[in-house]
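Swiss-Prot lists 527-549 with the feature compositional bias 'Polar residues'. Per Swiss-Prot, the feature disulfide bond maps to C50-C118, C163-C225, C274-C322, C367-C409, C454-C501. Under the heading domain 'Ig-like V-type 2', Swiss-Prot lists 141-244. Here Swiss-Prot flags 246-332 as domain 'Ig-like C2-type 1'. According to Swiss-Prot, the feature domain 'Ig-like C2-type 3' maps to 432-512. The annotation region 'Disordered' is assigned in Swiss-Prot to 282-304, 527-554, 626-648. The signal peptide annotation in Swiss-Prot covers 1-23. Per Swiss-Prot, transmembrane segment is recorded for 561-581.
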Amino acid sequence: MGLPRLVCAFLFAACCCCRSATGVPGEEKQPTPTPDPVEVEVGNTALLKCGPAHPSGNFSQVEWFLIHKERQIPIFRVHQGKGQSEPGEYEHRLSLHGPGATLALSQVTPHDDRMFLCKSKQPRPQDHYVQLQVYKAPEEPTIQANVLGIHVDIQELKEVATCVGRNGYPIPQVIWYKNGRPLQEEENRVHIQSSQTVESSGLYTLKSVLSARLVKEDKDAQFYCELSYRLPSGNRMKESKEVTVPVLYPAEKVWVEVEPVGLLKEGDHVKIRCLTDGNPQPHFTINKKNPSTEEMEEESTDENGLLSLEPAQKHHSGVYQCQSLDLETTVMLSSDPLELLVNYVSDVQVDPTAPEVQEGDSLTLTCKAESNQDLEFEWLRDKTGQLLGKGPILQLNNVKREAGGRYLCVASVPSVPGLNRTRRVSVGIFGSPWMAAKERKVWAQENAMLNLSCEASGHPQPTISWNINGSATEWNPDPQTVVSTLNVLVTPELLETGAECTASNSLGSNTTVIILKLVTLTTLTPDSSQTTGLSTPTVSPHSRANSTSTEKKLPQQESKGVVIVAVIVCTLVLAVLGATLYYFYKKGKLPCGRSGKQEITLPPTRKSEFVVEVKSDKLPEEMALLQGSNGDKRAPGDQGEKYIDLRH
């Protein structure tokens, strides 16, 4: 090879090297441009734009590609403003959106979080990349606490709670909180371990486990987790509910607790329990000091270690103490002694226990009781509740027979509300029987059963006898009163003779006369709208003989025809009066108005017609009310519900 050829070859090689080093316009390698991000939520429609806005003519021929593993997979073509999907996974979800080459991707899923490429060939070849970013908010986080508890003496980390956030995209971030403060990883104190699972839908399920060492002060701590995630609209977060974790620690102190709190009295439902500052509560025993031996003796409790005093009595008073045994540490703890006081009032006694006195004499009643507190006494009349006096002594002077009966002595403790005891005593006033009524009238229906009653009082308590046969029953409202009820058949003889009840005791006797009045049943006329009968009454008055008693009078019966005749007569009188006034008016003898006679045109007179209709729903016995006390008839307007139609 000659020298000229070597020189030429050298120059050619140098030119090639220089071209390669310096580059030639139009032949340099273009770097991949930064893709345009498009954010969309799962289930919505994403709009993929092919670069900046240009006239529609610039996109007469466009191709869309999916970038998958550095390969360009065609998915859509645009030619002359018309689009066509390529077969594949996007075949049925892509469409043109408006003029140009903007694609609408419907029903976005997490699998669509990819890079897309738009290639346009006019006016010059141009590539435009779009990065589709898909988001989905996770569900509300759930949290599960450790229910078995964590012992403070264990040195290794124990699981506190587990937080789960389901169906989010992309993977949310989890933050743990204790009492509102975020927890950070801390060696030998706090550890957070998170894992995620990809569901078939492409969504993520996040699981985070919080482990920690707890101390006694964490027994009331509130733990919860927070999920932080992003949406196209911005950053969001969701919090779980708060949970507490049982913290186990040994007891250091034990004490006695009594319910109810405050002053106790006999009859209360009292509960005694033992408590400690440890968790869980250890096994307890409740002991009470024996006042005789001064030794503590164990009391019987239920399965929960509760001692129930139901009802509390004065012998339940005393000194109580709790003891606890920690089975893990075998440490025995004892509480401070607690003195329980059950306030009481002993059985009330009245002296004399069965007082008896002659009418007109005086009587002194004395009430006694015992209590651990100061007492107050009150005297009441049992029958009426009337307060007779205060103090342990009740003095009754110049007693009357009405003073006989039961009295109450109430012994109470003012300092302990509701603590009182009562004693009843019956006072007997010597005397012959006295009757509730000397004479009574009872309405009866013949051949019907009737109850006759008789009441008498006295001391000694009287007995009652009847002068007629029947079934008698007795009861005693108080120790010196007796009430007898006799069930008899009303016969004509009984209506004629009546009945007598006699009360007698060792001091005398007394009688009540019962007069029977016959009640007749009256039926309304057939045109009446109702038919009413009068039932036989049972009369049992209890008014005293010296009081004014009012006997019920049955209305007298009167024929309904008399009422109708009275109405017709009154109607005729009114008609005649009206005709007379009209006659004087026509003759001009009756001035009309202040200006004298005025002409009034009346319709032609017709033959007078009187139509009288009387309607009444009154009972026959109520019709007797139409009759005055002197036998005069009342005006028709007072005779109940009726109307009169007068036609002229």
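Each residue, glycine too, has its Cβ placed from N, Cα and C.
Taking the features listed in Swiss-Prot, we show where each one sits on the structure.
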| residue | record | DSSP (3 states) |
| --- | --- | --- |
| C50 | disulfide bond | coil |
| C118 | disulfide bond | strand |
| C163 | disulfide bond | strand |
| C225 | disulfide bond | strand |
| C274 | disulfide bond | strand |
| C322 | disulfide bond | strand |
| C367 | disulfide bond | strand |
| C409 | disulfide bond | strand |
| C454 | disulfide bond | strand |
| C501 | disulfide bond | strand |
Outside the region 'Disordered' (282-304), six or more residues from its ends: residues with CB under 8 Å to it: 251, 254, 256, 272-274, 276, 318-327, 333, 337
Whole-number Å value for how far C274 (disulfide bond) lies from C163 (disulfide bond) (Cα to Cα): 37
Proximal but sequence-remote residues of the same chain as C409 (disulfide bond) (Cβ under 8 Å, at least 6 apart): V348, V350, L365, C367, F377, E378, W379, L394, T422, R423, V425
Rounded inter-Cα distance in Å - C50 (disulfide bond), C322 (disulfide bond): 84
Cα proximity to C118 (disulfide bond), best match among disulfide-bonded residues C274, C322, C454, C501: C274
Integer Cα-Cα distance in angstrom, C322 (disulfide bond) to C454 (disulfide bond): 66
Inter-residue C-alpha distance, C454 (disulfide bond) and C274 (disulfide bond) (nearest angstrom): 64
Cβ neighbour count (within 10 Å, all chains shown) around C454 (disulfide bond): 27
Cβ contacts of C501 (disulfide bond) (under 8 Å, same chain, 6 or more positions away): L452, C454, A456, I464, S465, W466, N467, S484, L486, T511, T512, I514
Rounded inter-Cα distance in Å - C274 (disulfide bond), C225 (disulfide bond): 37
Nonlocal residues around C225 (disulfide bond), in sequence order (Cβ under 8 Å, 6 or more apart): P141, I143, A161, C163, V174, I175, W176, Y177, S208, L210, E239, S240
Secondary structure content of the domain 'Ig-like C2-type 3' (432-512), with strand meaning DSSP E or B: 6 helix, 54 strand, 21 coil
